[in-house]
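Colleague: Below are the features I grabbed from TrEMBL:
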- 253-274: region 'Disordered' (REGION)
- 7-28: transmembrane segment (TRANSMEM)
- 40-59: transmembrane segment (TRANSMEM)
- 71-92: transmembrane segment (TRANSMEM)
- 132-152: transmembrane segment (TRANSMEM)
- 336-356: transmembrane segment (TRANSMEM)
- 368-391: transmembrane segment (TRANSMEM)
- 426-448: transmembrane segment (TRANSMEM)
Amino acid sequence: MIGIKDLYSVLTAVVPLYVTMFLAYGSVKWWKVFTPEQCAGINRFVAIFAVPLLSFEFVSRINPYKMDLLFLAADGVSKVLILFALLCWANFTKRGGLDWSITVFSLSTLPNTLVMGIPLLKSMYGDDKEYLMIQVVVLQCIIWYTLLLFLFEYRETRTEVLSKFKESSVSSKNCCSEDEVINVIATTSSNQQQQQQQTAQNANKIAPDQSQRFRPMVAASMEGEGKELHLFIWRCGCCISTDGTSTTCEKQSVQAGQREESSSTAKGVESVKQENVENASIPSSFSPSMLLKILRKVWLKLVRNPNSYSSLLGLSWALVSCRWDIKKPQIMENSVTILSSAGLGMAMFSLGLFMALQPRIIACGKKLALYGMVARFIAGPAVMAIASIAVGLKGTTLKLSIVQAALPQGIVPFVFSREYNLHPDVLSTAVIFGMIVSLPITIVYYIVLGI
């Protein structure tokens, strides 16, 4: 059972993070120490240097030859199930999308095991279970953070390709003839033209003797920016001589009408041409060759990002070190730890800076904050319980797997979300309020599972 001493050990790990976060918040909100550009630079430093070195340092210290494969399988199966469900939701439903799939995956599968999980679950289930938490952190760094980074890069590259399609369509809009655009206009406005014809027929029925006095020359209907423009030029019978030739009044009327028609038609054609060509040029799905180019570009970005291979380098060193009992040189050790030890603190500092730049504490709003809490503390543990039972976990290990899934939101996913500007408000709210409510929620899970 959790005692006062255990609770104090958890607080000693959590309170310094809040102190760092509030210092960052005050430095922007009250003391005006940092500008928004400087805040973005700090987050960039955390994402490119602090987090990769922290991952390398942590992974390089484990013993890969003594891993609980069944426990890791349960963790992996739960994340795969959630990812599969989100991908189906994104591809086969109208409300689904890649952006929210990435965010929900971060919320439901990536807890803060390193900071809160190890001291809290160690006090709940004993010192011998600490190594299981370390294994979960290692698996997060090696597989799931790398996968998350791939999804962020794929989304960014896909957005760039779509924007280039749109730009190319704007620059090449003159390739379509005016006749084609006018045909599109005529097709989309067929209902309006039918109404005009019906109106003309009604007018002929009401005044048949006036049908020769008023005859339409041009009836053009154009849709531009949601507005309808109807242009009618009429010949009046008094302007037509008895021998069929046009009088001066008619000629002036026709010339003025032609100028108005030409100007209005040119504007309408230009507007409709741009809108229709842009929409036609943006593909609903990519061809295999285009998808291959996108993946190649994503690969080149991942190679340049140290987050994608820092954990693999750490795992490689751990395999060599544990196999042949080789220790890192002291110079290498100190060079890594001087920045890696500041990784979590700088991540929380970046979180505080982001909070200060928002107009309100709950940056994403109450509704999204509630959805985030549901994904973090209900959906994630529920899927983890199903996966753990499915792979055959029992006893204390089963309880531990479920409780660790109910830990607060991880800090690293927030760093990535802010770096790629994808719902950082949702992730920041999940981190802040998750750390506040996670302790009582985790204790509730512990009590319920212990009964």
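Each Cβ is built from the backbone N, Cα and C atoms, and glycine gets one as well.
Keep in mind the model is a prediction, meaning the values are calculated, not measured.
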Colleague: Out of 40-59, 132-152, 426-448, which stretch has the largest tally of CB pairs under 8 angstroms to the transmembrane segment (7-28)?
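Modeller: It is 426-448 that shares the most Cβ pairs under 8 Å with the transmembrane segment (7-28).
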Colleague: Looking at the stretches 40-59, 71-92, 132-152, 426-448, which one shares the most CB pairs under 8 Å with the transmembrane segment (368-391)?
Modeller: 71-92
Colleague: Excluding the flanking five residues on each side, which residues at least 6 beyond the ends of the transmembrane segment (426-448) place their CB within less than 8 Å of a CB in that stretch?
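Modeller: Long-range Cβ neighbours of the transmembrane segment (426-448): 2, 10, 14, 17-18, 21, 103, 106-107, 112, 116, 120, 124, 351, 354-355, 358, 361-364, 368-369, 372-373, 376-377, 381, 399, 402-403, 406-411, 413-414, 417-418.
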